[in-house]
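For Asn141, the entry in Swiss-Prot reads N-linked glycosylation site. The intramembrane segment annotation in Swiss-Prot covers 79-92, 211-224 and rests on similarity to another entry. Among the features that Swiss-Prot reports, site 'Selectivity filter' is placed at Phe63, Tyr212, Arg218. Feature annotation from Swiss-Prot assigns topological domain 'Cytoplasmic' to 1-24, 75-78, 93-100, 178-189, 265-292. Feature annotation from Swiss-Prot assigns topological domain 'Extracellular' to 43-56, 122-159, 207-210, 225-242. Taken from Swiss-Prot, the feature transmembrane segment applies to 25-42, 57-74, 101-121, 160-177, 190-206, 243-264.
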Amino acid sequence: MGRQKELVSRCGEMLHIRYRLLRQALAECLGTLILVMFGCGSVAQVVLSRGTHGGFLTINLAFGFAVTLGILIAGQVSGAHLNPAVTFAMCFLAREPWIKLPIYTLAQTLGAFLGAGIVFGLYYDAIWHFADNQLFVSGPNGTAGIFATYPSGHLDMINGFFDQFIGTASLIVCVLAIVDPYNNPVPRGLEAFTVGLVVLVIGTSMGFNSGYAVNPARDFGPRLFTALAGWGSAVFTTGQHWWWVPIVSPLLGSIAGVFVYQLMIGCHLEQPPPSNEEENVKLAHVKHKEQI
């Protein structure tokens, strides 16, 4: 047992990445992979069973808990943004350096791409069997919607853009409230569960129009995977070239969410001077994070 522990310790030292930003990028990649793997996996189960193994509620529950698990996995290393819109908001508020925006976004998109690949491999036979060995983007036998979001038939581009804008703004307002230490902060350790609950609420109230992507990486990574896996360029042209809406609109919604929270709540909160005990706790926490 002693030799085994020593061997494990040595392996850990050899594999330890000293470049902190790279460690954070890897954490974002894995956290987003978990989010997409469980979230899109639930969609696959519902679609491929034609509704006999779940429904709208199970999909929303899966995405909510998937976000929670992703945050629990990556939170201590990177903050677990798992979403370029969240990273953009944090950079906009000067809580993160701007260099993290492209790096986190790339890592999150890669994680989403890999998560989609896992779901595709897991349900490979079922996907091909679903439409007699054909891959359709939309329609009664469409399977591309397992991985990325597409607008419902009733939705036009303007309404769809507004849908993603409001959904993301709501997400950012709630996230900022959850992490704000001066606004009834969530008990330490429960942030992940609370953010997962926010995603669940957004899904159950705003998911009808287009599936509430509210996350450019979660949508574009799997969409790119489907384009390469056999669905082709139709994943970008379907829905009046819908693909750009879940990228642009959430970023604009992120800015709106920041302004709404700061103008109506954040700028008006009293910030009492921290006691020595509180300051020590913060410093200890920062020191611990730096050693990861």
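Backbone N, Cα and C atoms are what each Cβ position is placed from, and that goes for glycine too.
Other Cβ atoms within 10 Å of the Cβ of the residue listed as 'N-linked glycosylation site' number 13 in total over all chains.
For the intramembrane segment (211-224), the residues of the chain that approach it from at least six positions outside its boundaries are 32, 35-36, 39-40, 82-85, 105, 108-116, 145, 147-150, 163-164, 167-168, 171, 202-203, 235-236, 243, 246-247, 250-251, 253, judged by C-beta separation under 8 angstroms. Packing around Phe63 (site 'Selectivity filter') is summarised by its Cβ count: 27 other Cβ atoms lie within 10 angstroms of its Cβ, all protein chains included.
Simply put, out of 57-74, 101-121, 160-177, 190-206, 243-264, 101-121 has the most Cβ pairs sitting under 8 Å from the transmembrane segment (25-42). For the intramembrane segment (79-92), the list of distant contacts is 24, 27-28, 31-32, 35, 67, 70-73, 98, 100-101, 104-105, 108-109, 168, 171-172, 175-176, 192, 214-218, 250-251, 253-255, 257-258: same-chain residues at least six beyond its ends, Cβ to Cβ under 8 Å. Summarised by DSSP class, the composition of the topological domain 'Cytoplasmic' (1-24) is 19 helix, 0 strand, 5 coil. With a 10 A radius on its CB, Tyr212 (site 'Selectivity filter') counts 24 other CB atoms from all the protein chains. For the topological domain 'Extracellular' (225-242), residue counts in helix, strand and coil come to 16 helix, 0 strand, 2 coil, using DSSP.
Outside the topological domain 'Extracellular' (207-210), and at least 6 residues removed from its termini, the chain residues within Cβ reach (under 8 Å) are 56, 59-60, 149-152, 155, 159-160, 163-164, 242, 245-246. Residue counts for the topological domain 'Cytoplasmic' (93-100) under DSSP, split into helix (H, G, I), strand (E, B) and coil, are 1 helix, 0 strand, 7 coil.
Taking a C-beta cut-off of under 8 Å and a sequence gap of six or more, Arg218 (site 'Selectivity filter') has these contacts in its own chain: Thr32, Leu35, Val36, Gly39, Leu82, Asn83, Gln108, Ala112.
Sequence-distant contacts of the topological domain 'Extracellular' (225-242), counting only residues of its own chain at least 6 positions beyond either end whose CB sits under 8 Å from a CB of the stretch, comprise 113, 116-117, 120, 135, 137-138, 143-144, 147-151, 157, 160, 210.
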